[in-house]
Amino acid sequence: MAQVRAAGLNLAAIPFPLVARLSFMSIPTAVAMFAAMSYYGDFLKAQSPNFYDPSHYEEFDFIVGYPAIAKYFFWRVEEMPTPLEPIPSMAVYLQRLASTDYQYRTTPQNNSCLAMDEQRSLWPRGKGLGGTSNLNFMIYQRGNPRDYDELADITGDEEWRYQNLLQFFKKSEDYHGNYGNDKYHGSTGPLYVGKLKTTYLADKFVEAAKELGYPERDLNSEQSAGFSQLDATLKDGRRWSTYEAFIRPIEPYRSNLVIYRYATVIKVHLDRRKSAYGVTYVRHGMQKFVRARREVIISAGAVDSPKLLLLSGIGPRSQLHDLGLPCRANLPVGQNLQDHVTTLVGPFTMRAKGLLIDRDLNLNALNAYMRNGEGPMSSLAGVSAVGFITSALSKDPKWPDIGYFMSDSGVHRSLADDFTRILGMKEGVLQKYYGPHVGSDANFVLVMLGKPKSVGELRLRSRSPWDKPLIDPKYFSHPDDIKTMKHAVKFIVGLYEQTKTYRELGAKLASNPFPGCEQVAFKSDAYFECYIRHLTMTIYHPSGTCAMGKRRNDTVAVVDSQLRVLKTRGLRVADTSVLRFITNANLNAPAILVGEKAAFLVRRHWALQFVVCSKINYYLLLNEERLCFYTQRV
Ligand SMILES: Cc1cc2nc3c(=O)[nH]c(=O)nc-3n(C[C@H](O)[C@H](O)[C@H](O)COP(=O)(O)OP(=O)(O)OC[C@H]3O[C@@H](n4cnc5c(N)ncnc54)[C@H](O)[C@@H]3O)c2cc1C
C-alpha cells in the first residue's frame with residue numbers, strides 16, 4: 001500500500017463500486033466455493049470401510065450438539081466457517097446463502113409484517129461450527145438480572161439467580177470493552193469481548209440520551225435504563241464466534257474430543273425406560289448410529305432443538321399423533337416460542353459524517369482493515385451504540401423492556417435492495433421509502449421490544465427431518481406489545497428531533513410516509529402503529545421452545561433447572577430454547593451462559609457419579625465400569 005501511495009495514487013479516490021462492490025457481487029460465489037471445498041475435504045476424510053458399513057457404530061461418553069461444553073464430545077455441524085465470516089462488514093451478506101444459513105421463514109403473520117413478502121419474517125440461523133454466532137452482528141449484551149432471577153423463581157433453583165450466574169458470564173469472558181469492572185467482567189475466559197475500533201456518531205447518541213436523563217452506563221453489569229457505546233465479540237476487527245473462542249483453540253489437542261462435521265442428527269433414541277442411548281445422524285449421504293454411554297446433550301438452537309425432540313417422539317401427544325409419530329414423552333415442546341420483535345426507524349438524516357458505504361468503502365478502508373482491523377470494514381453494519389428504557393407497562397421500573405441499537409450507516413445506493421433481500425420484503429417498498437435520501441448521512445435505530453408478551457409456537461411440518469418446521473411467533477398477538485412498541489418509537493423520534501445534541505446536527509426523521517401508511521396523519525399515533533405493523537422485523541432471537549421449569553405441575557416446562565428433559569433420562573438441552581422468559585437483550589451472551597452452566601452441571605453430576613461408581617465398581621462389581629455408567633444416568 002505504501003508503494004501505491006508513493007506512486008501518487010489517492011486510495012480514497014478509488015471508490016467502492018470499483019473495488020469492494022465487485023467483491024460483494026461475488027460473495028455468494030466465494031462462500032459457495034469455500035463451502036464446496038470444505039465439504040469435499042471432509043468427505044474425503046470420512047472415507048473408510050467402516051463409514052460404508054451400516055452395522056458399524058461408534059460409542060462415546062457424551063454426544064453433544066454444540067460447543068461451550070468442552071469435554072469428551074462427538075459433534076455435529078454443517079459447514080466450516082468461510083474466510084469471509086470473520087469480517088464484520090460481511091455479516092449482512094452471509095444471510096440467505098445455502099451454505100451459511102438454514103433460511104427459515106415464519107408462517108404468514110396476522111396484522112404484522114405487512115411490508116414483507118407473504119407477511120412472513122425471515123429467520124436466518126447459522127450453520128457451521130459456531131452456529132448462529134458465525135453470522136450474527138456480534139453485539140454483546142447479557143440482559144437484565146431479573147431475566148435470570150425469574151428462572152430461579154419459577155424453578156425454585158437459586159443457582160439460576162443472576163448473582164449466582166455472574167461467575168459463568170465472567171468465566172467465559174476476556175473483557176476489553178468500554179467499561180472495565182472486575183465485579184462484573186472476567187479477563188481470563190476464551191470469549192473476547194472488545195470495543196469497536198472505529199465509531200462515527202455513537203457518542204452523539206449517548207450524549208442526546210443524557211439530555212433526557214438517561215446515564216451512560218455499563219449495560220452488561222446490572223442493566224437498568226441507560227445508554228452506552230457497544231461492546232462486541234470482536235477482536236482486532238475480527239468476529240469472535242463461539243467456534244473461534246471455545247473450539248478452535250482446543251480442537252487439535254483434545255484426544256477425547258471427536259468432531260464430526262456435516263453430520264445432521266435426525267433422531268434421539270430412547271430405550272424402554274425412556275433413557276437416551278444414542279442418536280441417528282446423516283453424514284455425506286450415510287445414515288449412521290452413535291451410542292452414548294452417559295448422556296445426549298442437544299444444542300441445536302431454539303428452532304432445531306425442539307424439532308429434533310419432536311422427531312424423536314418428545315412433544316405434545318396430539319401433534320405427534322396427527323403426524324403418525326409415537327409419543328414417548330408428552331411435553332409442551334415448541335409451545336413457548338418467544339422472539340424480540342423489532343422495527344427499524346429511520347433514516348434520521350443529519351449534517352454529521354457517519355459511515356456512507358458508497359463514499360467510505362474504498363482502498364483506504366481495505367488498507368485500514370488489513371493493517372489494524374479498523375475502519376468501515378470493521379463496522380457492524382454501523383451499529384455502535386445501544387440503549388434501554390423502561391415503559392409504563394414494564395413489570396418493574398428497574399427492568400427495562402425496550403432496547404435501541406443505533407446504526408450510523410447512512411443511506412447508500414444499494415441499501416434498499418440489500419434490506420429487501422435480507423428481510424424478505426416486498427419489492428419496491430424500501431426503494432420508494434429510502435429513495436429520496438440516497439447519499440445522505442443518517443442514523444437508523446433498531447427498536448426492540450425487550451420483554452414481549454406475545455407467545456408463539458413451533459410445530460413439525462411433517463415427519464421428514466429435512467422439512468423446515470412451521471414457525472409462528474404470533475407477533476403482536478398480545479395487545480400490550482404494540483402499545484409498548486409505539487411508545488418506544490415515539491421516544492426515539494423525540495430523541496432525534498428534540499434534543500439539543502441532534503438539533504445542532506439538523507437531525508430529522510424522513511419526511512415521506514412509509515409506503516402503505518400514506519393515508520394516516522404523519523407521525524400520529526396511528527401512523528407509528530401502521531409503520532410498526534408494516535416494517536415488523538425480528539432481531540433474530542427465538543427462544544423458549546424447550547422451556548425450563550419445575551419438574552412437576554408445570555404445563556410449560558420441557559426441561560428442569562438441570563436442563564434435563566422431563567419424563568426421560570440421559571437427555572439434556574443446552575441452548576436458548578431453554579430460556580423460558582426471553583432476556584432483555586441480544587441472545588448470544590445468554591446462549592454462552594447456558595453452555596457454561598450446562599458444562600458445569602454435567603461435570604458436577606458425573607464427577608460425583610464417578611467417585612461413587614468407582615468405589616462400587618472397585619469393591620463390589622469387579623471393576624465393571626460400564627455397568628455403573630449405564631445404571632447411573634441423569
Ligand atoms: C442475523 C443474526 C444476527 C444476530 N445478531 C446478534 C448479535 O449481534 N448479538 C447477539 O447477542 N445475538 C445475535 N443474534 C442471536 C444469537 O447469535 C443467537 O441467539 C445465538 O447464537 C443462538 O445460539 P444457540 O446455541 O442457541 O443456537 P445456534 O447458534 O443456532 O447453534 C445451533 C447449532 O446446532 C446446529 N444444528 C442445528 N440442527 C442440527 C441437527 N439436526 N443436527 C446437528 N446439528 C444441528 C447448527 O448448525 C448450529 O451449529 C443474531 C442472530 C442472527 C440470525
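Heads up, the Cβ atoms here are built off N, Cα and C, so glycines get one too.
Caution: TrEMBL annotation is automatic and unverified by curators.
Noted in TrEMBL for the protein shown:
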type    : residues       : note
BINDING : Thr132, Val265 : FAD binding site
DOMAIN  : 126-149        : domain 'Glucose-methanol-choline oxidoreductase N-terminal'
DOMAIN  : 301-315        : domain 'Glucose-methanol-choline oxidoreductase N-terminal'
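Secondary structure at Val265 (FAD binding site), taken from DSSP and collapsed to helix, strand or coil, is strand. Cβ atoms under 8 Å from those of the domain 'Glucose-methanol-choline oxidoreductase N-terminal' (301-315) belong to residues 65, 102, 104, 123, 125, 131-132, 265-270, 325-334, 337, 458-460, 463, 465, 469, 471, 542-546, 558, 565, 567-568, 573, 575-577 of the same chain, restricted to positions at least 6 beyond its ends. The residues of the domain 'Glucose-methanol-choline oxidoreductase N-terminal' (126-149), classed with DSSP into helix (H, G, I), strand (E, B) and coil, number 9 helix, 2 strand, 13 coil. Residue counts of the domain 'Glucose-methanol-choline oxidoreductase N-terminal' (301-315) by helix, strand and coil are 11 helix, 2 strand, 2 coil (DSSP-based). Distant neighbours of the domain 'Glucose-methanol-choline oxidoreductase N-terminal' (126-149): 66-67, 75, 77-81, 85, 88, 91, 94-95, 99-102, 160-163, 165, 169, 177, 193, 219-220, 222-224, 230-234, 239-244, 247, 259, 261, 301, 380-381, 383, 386, 395-396, 398-400, 403, 405, 540, 581-586, 588-591, 593; these residues of the same chain sit at least 6 beyond its ends, with a Cβ under 8 Å from one of its Cβ atoms. In the predicted model, the domain 'Glucose-methanol-choline oxidoreductase N-terminal' (301-315) shows an average pLDDT of 97.
In this view, Val265 (FAD binding site) is surrounded by 23 other Cβ atoms within 10 Å of its Cβ, with every protein chain counted.
Note: Thr132 (FAD binding site) has non-local neighbours Pro124, Arg125, Gly126, Gly301, Tyr540, Asn588, i.e. same-chain residues 6+ apart with C-beta under 8 A of its own C-beta.
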